[in-house]
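Now, the feature entries from Swiss-Prot:
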type: BINDING; residues: H118; note: chlorophyll a ChlzD1 binding site
type: BINDING; residues: Y126; note: pheophytin a binding site
type: BINDING; residues: D170, E189, H332, E333, D342, A344; note: [CaMn4O5] cluster binding site
type: BINDING; residues: H198; note: chlorophyll a PD1 binding site
type: BINDING; residues: H215, S264, F265; note: quinone binding site
type: BINDING; residues: H215, H272; note: Fe cation binding site
type: MOD_RES; residues: T2; note: phosphothreonine
type: MOD_RES; residues: T2; note: N-acetylthreonine
type: SITE; residues: Y161; note: site 'Tyrosine radical intermediate'
type: SITE; residues: H190; note: site 'Stabilizes free radical intermediate'
type: TRANSMEM; residues: 29-46; note: transmembrane segment
type: TRANSMEM; residues: 118-133; note: transmembrane segment
type: TRANSMEM; residues: 142-156; note: transmembrane segment
type: TRANSMEM; residues: 197-218; note: transmembrane segment
type: TRANSMEM; residues: 274-288; note: transmembrane segment
Amino acid sequence: MTAILERRESESLWGRFCNWITSTENRLYIGWFGVLMIPTLLTATSVFIIAFIAAPPVDIDGIREPVSGSLLYGNNIISGAIIPTSAAIGLHFYPIWEAASVDEWLYNGGPYELIVLHFLLGVACYMGREWELSFRLGMRPWIAVAYSAPVAAATAVFLIYPIGQGSFSDGMPLGISGTFNFMIVFQAEHNILMHPFHMLGVAGVFGGSLFSAMHGSLVTSSLIRETTENESANEGYRFGQEEETYNIVAAHGYFGRLIFQYASFNNSRSLHFFLAAWPVVGIWFTALGISTMAFNLNGFNFNQSVVDSQGRVINTWADIINRANLGMEVMHERNAHNFPLDLAAVESPSING
């Protein structure tokens, strides 16, 4: 009997690192996208927490009137925010080493730019990591495609909109009330409620919520009972079981009789594709709408579009919205300008002396 012994070459450190990074046996999959995702998201999260607690006021409008956003400077969880980078910086890349001092960097809102850029890179890598793990497991790529909707929305409000408006100071503040302020000002300046892409986004979000609730309630109402009346119906399911856990025929029949026959899906796969696609496509359109309004391609303007035979204006709902827009525009950045541009009929008089 002859034994053949084969010497196994020791794998290099780099090879072992590559195998570990791409292994699907790890408790949490890392992947090559994860190599970039982990440090960028850790950086964004750490700076956000520190700045939300202790960042000094920021000169957001570039007029030497700083705005406080952190907890230690008088805010609470609702009013607090990471104040956007100053209008004095505009779209300039503003890392710490570009400022004369850390105090100057903080005064000009440097943390906002740092957080936003690291966050966008991190969530983009998270999307790539979803695709990478799906690829390694032999799955289809639709999880990453669905996640592209919130990535597109975040990119639109944090990057595309500031680029279109010419300054990171126009980006969305990182806080609860700051988000509401961004929405109000956006409506005042771009009439987003009258933009068709925003309407599609609203249909996507609310429609997705409705369809999700309908699907969940139908499934829960048509479970195949495997337990007694004294036990929870949930105890009748075992992870990985081959048999169906609910009766799709019963659910289909119920919904078909509740609405009409063809309103109900008879194919579970097409149903779940629809549940995923509806909100994703809606949010894609919203992100596209934000990106177009960033360059001032705004919502529809039907102001004073209805007149009587004498030429007098008959107010419509569009005129009410326009009046609200003007009021909101007057109120925001009230120290940065004396009069909103929409209300200025003539050029400002020259001042001599």
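In case you wondered, yes, glycine gets a Cβ from its N, Cα and C as well.
Location within the structure of each feature annotated in Swiss-Prot.
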| residue | record | contacts (Cβ under 8 Å, 6+ apart) |
| --- | --- | --- |
| H118 | chlorophyll a ChlzD1 binding site | T40, L41, T43, A44, V47 |
| Y126 | pheophytin a binding site | F33, M37, L41, Y147 |
| Y161 | site 'Tyrosine radical intermediate' | D170, G171, M172, I290, S291, M293, A294 |
| E189 | [CaMn4O5] cluster binding site | N298, N325, E329 |
| H190 | site 'Stabilizes free radical intermediate' | M293, N296, N298, G299 |
| H198 | chlorophyll a PD1 binding site | I192, T286, G289, G299 |
| S264 | quinone binding site | A251, H252, G253, F255, G256 |
| F265 | quinone binding site | H252, L271, F274 |
| H332 | [CaMn4O5] cluster binding site | N181, I184, V185, A188 |
Quick one: pull the CA-CA distance for H272 (Fe cation binding site) versus H215 (quinone binding site), whole Å only. 9
In three-state DSSP terms, S264 (quinone binding site) is classed as coil
Could you check whether the transmembrane segment (274-288) packs against the transmembrane segment (118-133) - three or more CB pairs closer than 8 Å, residues at least 6 apart in sequence? no
Considering the binding-site residues H215, H272, which residue's Cβ sits among the greatest number of other Cβ atoms within 10 Å? H215
Count of other CB atoms lying within 10 Å of the CB belonging to D170 ([CaMn4O5] cluster binding site): 22
Can you give me the residues near the recorded quinone site, meaning same chain, not H215, S264, F265 themselves, Cβ no more than 8 Å from the center of the site's Cβ atoms? M214, L218, A251, H252, F255, L271
